[in-house]
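What follows is a set of notes on a single structure, which appears directly below.
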Amino acid sequence: MDFNVRKLATDAGIFFSRAVQFTEEKLGQAEKTELDAHFENLLSRADCTKNWTEKIYRQTEVVLQPNPGARIEEFLYEKLDRKVPPRPTNGEILGQFMLEAAKEFGSGTPYGSTLIKVGDCQRRLGGAEREFLQTSSISFLIPLRNFLEGDWRTISRERKLLENRRLDLDACKARVKKAKAAETKAAAVPDFQETRPRNYVLSASASALWNEELDKAEHELRVAQTEFDRQAEVTRLLLEGISSTHVSRFYMHAALTHATHLSRSVCLALISLLSFRRCPDSLDVNCHPASSPTDPSAFLPLNSPSPLETDALQIEEVQPPASGTRKAKVLYDYDAADSSELSLRADELITVYTVPGMDSDWLIGERGNQKGKVPVTYLELLS
């Protein structure tokens, strides 16, 4: 118990000393150890990263789940370490209603058969939306939350410890400065008009005491400087590592891919509904234009190749530029979405180059006799 009381008193004294030092610095009455420009830049970037990551994380939660009640429910399940019960999307509910209505009207009727087709499309659309939400949560929200709740908390703790080390260092510098001034004053030649030997004895004794105090203060300063330098290096390494903990662009690319597939499903559902409304009199579900409304090529000009055929044709005709090619290391696995792209495997080396008019987010990759488009975010270009 006695040990705890002494430790509490010691901690209280250190806290009070740091508070005094901090207040004097704010009032301009004490010197402050300044960090180098690179370190200050790292601190500024870290604060900027934290602020924007919080904003992006909160707004992404709103986008993925607009219902505040549902978000609170998911938060409680997470805190209780329980699995969130599956919740169907609005698209899946609408598709189920259409299918149930089709059973009531009869699948042999024009209206019933149309509801079956549209309801099935709507149900698949809702399933794609649910998959998109799950993938976005795993690939985007969780890394952001891990950064805020893990990496950033560690960085904040080390930054606070660094600030305490700096206050201790500045306090030691102030004590050394004070001890030097007192020693100089005590070592000054006494007034020769004072003939009593007692004055000389007191002056020599005071000089020895301040000399001892100065040695002690300088030793504490060296210890404080060592601890400050060590903590500064630890904090610097953590701040420089923020760039590696940032969510990579391939997460955004995956989210964009899912959003594109979802948009295509929406278009197909709308096309099915429009094709049904073109024939209100006969209610004939087979009343389609020359091309199937679910075929994207129906919206292309006549005699024009499909997008996939066009991409494949362009890829086959692409030749390496005269300026040469570069080697690239693959960072992550990538599965080609169509025949115009090239599948990748992590850690393999491929040859890449660009061609005029190509999207800056893509390059042409070659591996042996295989050739295709590859996303830049999955590559590390080698010099």
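Positions of Cβ are set from backbone N, Cα and C atoms, glycine also.
Residues 207-234 are the range that TrEMBL records as coiled coil, among 11-38, 39-66, 123-150, 207-234. In the predicted structure, the domain 'BAR' (24-324) carries a mean pLDDT of 73.
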